[in-house]
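Features as listed in Swiss-Prot:
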type: BINDING; residues: G17, T18, S19, M20, D21, G22, A23, D24; note: ATP binding site
Amino acid sequence: MPASPQSSEMFIGLMSGTSMDGADGVLVDFSGAQPAVLAAAHTPFPAPLREAFGALQQPGDDEIHREALASNGLARVYADCVATLLRTASVTADRVAAIGAHGQTIRHRPGQYDGTGYTRQSQHPALLAELTGIDVVADFRSRDVAAGGQGAPLVPAVHAALFGAADETRVVCNIGGISNISILPAAGTGRPVTGFDCGPGNALLDDWIHRHRGTPYDDGGAWAASGKVDESLLDQMLAEPYFRALPPKSTGRDLFHPGWLQSLLDTYGNAQPQPVDIQATLATLTATAIAQDVQRYAPEARRLIVCGGGAHNDFVMTTMANQLPGVLVQTTGDFGVPVSQVEAIAFAWLARQCTRRAPGNVATVTGAAGPRVLGAIYPR
């Protein structure tokens with residue numbers, strides 16, 4: 001007889017990040033000493049859905065209607081991803097305890113306006129539960145924000161479990177649409193895990209190459225590598241106050257969006273750098289923001305472990321390595337965890353924590369008043 005969902009240790013994690021290219025999903029078994037990924041899948045966004053979420057990153061007309069329809073569309077993409085996972089693993093829905101669904105971030109303003117601020121991950125978890133027949137856990141970030149935190153990053157606890165070491169400080173870096181780092185002190189030092197968002201990851205790079213070459217991303221960073229970094233433009237980018245702000249801090253596409261880049265390019269008038277050189281400069285910005293934060297906040301680290309789509313960008317990876325002499329730059333794949341699966345694993349784990357009424361945040365990372373149970377449950 002299959003295990004009931006209440007006793008099962010199988011959870012699904014679904015992540016659609018700020019790159020807005022699609023949904024990454026994993027089916028994870030937490031019954032062993034280490035989580036075991038039973039299946040993984042990527043379901044691309046249809047072009048209209050990607051365009052809808054892109055438009056929702058900035059204020060516009062009839063937002064409530066457009067956001068509601070985009071949420072419905074995302075639920076259907078998520079449901080397709082779940083179906084692929086179950087089919088691949090030959091697992092039936094009634095054996096899965098819950099789905100941890102992140103949603104699509106369209107605004108992230110913690111601590112702003114009224115002292116509390118807000119974060120908005122657009123999705124329709126009730127529809128997802130209806131389509132899959134599985135309990136859904138969603139809205140992970142808002143409780144941390146309500147407790148005075150940034151609501152991000154939420155993955156450092158999982159980074160520590162998967163990649164922490166007894167004998168050395170390590171930094172785990174996720175390069176999605178936005179980049180973030182988790183600083184994992186050597187076990188026994190008594191120092192807490194910390195982490196924060198560094199700045200833009202792939203988002204501006206993907207937007208720029210799509211605008212000029214019609215491709216969704218810069219494969220391997222080849223286009224960036226063929227250009228020349230514009231040092232003046234890079235300096236202007238790095239003058240953004242966010243890079244000087246102290247942790248805890250978090251950011252998103254509502255700051256680092258195409259309009260942010262265009263406002264810098266407008267200062268050049270008709271003497272703007274060539275598009276390929278802007279791509280090289282954007283890639284260098286991603287690498288430099290990460291490298292500077294590693295040097296500033298984890299100078300003792302000798303290992304940087306990278307995950308997310310940016311791990312496939314050879315130009316970014318090489319630039320980071322050049323800026324961090326003495327630091328071994330690796331990927332999570334070197335530790336047996338594919339770079340595309342880490343965040344989805346994290347949201348499967350967060351769903352598990354929620355169903356057990358156990359905290360999911362790390363207050364030293366987010367700045368929240370303390371540990372909190374994250375997420376809201378939508379029964380199947």
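Cβ atoms here come from the backbone N, Cα and C positions, even for glycine.
Ranked by how many other Cβ atoms sit within 10 Å of their Cβ, the binding-site residues G17, G22 place G22 at the bottom. Cβ contacts within 10 Å of T18 (ATP binding site), excluding its own Cβ and spanning all protein chains shown: 26. Of all the binding-site residues given, namely D21, D24, the one with the smallest number of surrounding CB atoms inside 10 A is D21. The Cβ of S19 (ATP binding site) lies under 8 Å from the Cβ of G176, G177, G201, N202, A203, D206, Y217, G309, each of which sits 6+ residues away along the same chain. Take the mean position of the Cβ atoms of G17, T18, S19, M20, D21, G22, A23, D24, the recorded ATP site; other residues of that chain with a Cβ within 8 Å of it are M15, S16, F45, G176, G177.
A 10 Å cutoff on Cβ-Cβ distances gives M20 (ATP binding site) a total of 22 other Cβ atoms nearby, all chains included. Within 10 Å of the C-beta atom of A23 (ATP binding site) sit 25 other C-beta atoms, taking all shown protein chains into account.
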